[in-house]
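**Student:** Okay, here's the structure, questions in a sec.
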Amino acid sequence: MKPWAAFHLIFLVASSVEGDVSNYGTGGTQDTEPTCCTEHQCISDKIILQGQPGIPGIPGVPGINGSEGLKGDPGPQGLPGETGFDGIPGVAGPKGDKGDQGDKGDKGDKGDKGDACILDDCPPTDVEVRNCQDLLEHGEILNGWYTIYPTKENPMVVFCDMETDGGGWLVFQRRQDGSVDFYLDWESYKKGFGKQESEFWLGNDKIHLLTSSGTQQLRIDLEDFEGSRTFAKYSSFSIGDENEKYRLIVGSYLDGSMNDSFRIHNGHSFSTKDRDNDTNKGNCAMMYKGAWWYFHCHHANLNGLYYKGKHANYADGINWRSGKGYYYSYKYADMKIRPQQSETTVS
């Protein structure tokens with residue numbers, strides 16, 4: 001039943017009872033005290049009826065948040081967590097300062113004896129090897145490039161001829177195929193140039209050093225394009241330093257299979273196309289396309305142009321006046337020195 005219907009029924013009952021009570025009071029046969037039901041409370045002449053609870057109302061609007069309370073005291077420290085994974089390595093720091101030198105270590109055991117060294121990578125040895133003759137006396141018998149020590153401070157790589165005329169010759173000039181340009185300047189002849197496997201000029205500074213202590217014999221070998229070989233040998237050979245313009249000092253002609261064409265250059269300075277030290281009004285090096293101890297100008301021109309035998313130009317090839325003359329250029333030429341010996345073998 002709806003609440004309002006129940007209330008209406010109670011109201012009608014109440015009205016009916018009120019009518020009955022009124023009748024008892026005015027003209028009824030019995031005048032008695034009014035009686036109320038257990039649910040009713042009688043106050044004076046009114047009856048107050050108690051109805052059932054109504055439906056709950058809609059919730060009100062939430063109130064405003066209160067102000068923030070004070071910060072509480074720190075709680076007790078928790079247990080340590082598990083170890084995390086290793087991180088990525090950081091960037092390397094700057095290089096530190098160089099540390100102090102360590103103490104000298106103990107001396108090691110003596111090593112095994114090495115193989116014989118004959119090439120240009122040989123280290124210094126206790127054996128005094130000043131020239132190719134010293135190498136020959138210490139058992140080196142093969143032609144090739146060796147390291148010698150004219151002085152302890154000046155090791156030098158040189159080509160040694162260990163076969164010709166008893167061996168022990170140090171070659172400072174070689175021509176054989178025209179693969180190297182010999183028409184070069186003063187600085188090139190000073191320092192040296194060329195290829196070990198073919199043609200080269202050792203260098204005037206080195207030639208001066210090699211000939212400045214002890215008497216050196218000189219041998220010149222030539223070969224023409226017909227295969228004929230000739231040579232000339234001189235008792236001594238040396239050149240001055242650069243301040244002396246590499247002045248030539250050559251001794252007497254000893255022997256050979258070709259006549260002398262070199263001693264006439266004795267006492268003359270070295271000339272190149274850019275350094276004219278000859279006695280000619282012109283520049284002999286430029287005229288005859290070489291570099292040499294020219295006077296006015298030459299009887300030998302072993303640093304001239306490389307022609308294959310006969311040539312039309314006058315005296316600008318590898319010429320030897322007393323040999324094939326000024327219009328023939330030799331196929332092969334070399335100049336070499338060796339310490340003077342008491343006895344000489346000719347070949």
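For all residues, glycine too, the Cβ spot is worked out from N, Cα and C.
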**Student:** Choosing among CYS42, CYS117, CYS160, which residue does Swiss-Prot name as bonded to CYS132 by a disulfide?
**Tutor:** CYS160
**Student:** Going by Swiss-Prot, which one of CYS122, CYS297 is joined to CYS284 by a disulfide bond?
**Tutor:** CYS297
**Student:** What's the CA-CA gap between CYS160 (disulfide bond) and CYS297 (disulfide bond) in angstrom, rounded?
**Tutor:** 31
**Student:** Could you state the whole-number distance in Å separating the C-alpha atoms of CYS297 (disulfide bond) and CYS132 (disulfide bond)?
**Tutor:** 33
**Student:** Restricting to the same chain and to sequence separations of six or more, state which residues have a Cβ under 8 Å from that of CYS284 (disulfide bond).
**Tutor:** SER271, ASP276, ASP278, TRP292, TYR294, PHE295, HIS296, CYS297, HIS298
**Student:** Going by DSSP, give the three-state secondary structure for CYS284 (disulfide bond).
**Tutor:** helix
